[in-house]
Amino acid sequence: DLLDDYVNTQGASLLTLSRKKLAGRSVEDCAAKCEEEAQDCYHGNGQSYRGTSSTTVTGRKCQSWSSMIPHRHQKTPESYPNAGLTMNYCRNPDADKSPWCYTTDPRVRWEFCNLKKCSEDSE
């Protein structure tokens, strides 16, 4: 079941195992947020994407957002506390066209990630 990895709390909110609180107007709203978080696709420009993909369109591995090696940058978890800059997961902290990451390849600073748009967003 989708909600097995979530902890039930008071009212219409859930906590993920990492203790991230997901608030909602109803249990159904919370379940929808949980489902969106677990998807390997993104909605809109992907600013809300919180999946665990960490590979770029060319197959490069993503650099951790808290690391400055090999690329120094300003997009840190401290600078963007609500952007979900966890581990080396693909994210879109600056409202680009889709989720992206800095790469571990010293010759390639960043790339968009190998993610699809969710089907209901397709044109």
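Cβ coordinates are placed from backbone N, Cα and C, and glycine is handled just like the others.
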For the disulfide involving CYS62, grab the partner from CYS30, CYS34, CYS101 as Swiss-Prot records it.
CYS101
Looking at Swiss-Prot, which one of CYS30, CYS34, CYS41 makes a disulfide with CYS118?
CYS41
So what's the mean pLDDT when you look at the domain 'Kringle' (40-118)?
96
By CA distance, which of the disulfide-bonded residues (CYS62, CYS90, CYS101) lies nearest to CYS118 (disulfide bond)?
CYS90
According to DSSP, does CYS118 (disulfide bond) sit in a helix, a strand, or coil?
coil
Near CYS101 (disulfide bond), meaning Cα within 10 Å, which of CYS41, CYS90, CYS113 (disulfide-bonded residues)?
CYS90, CYS113
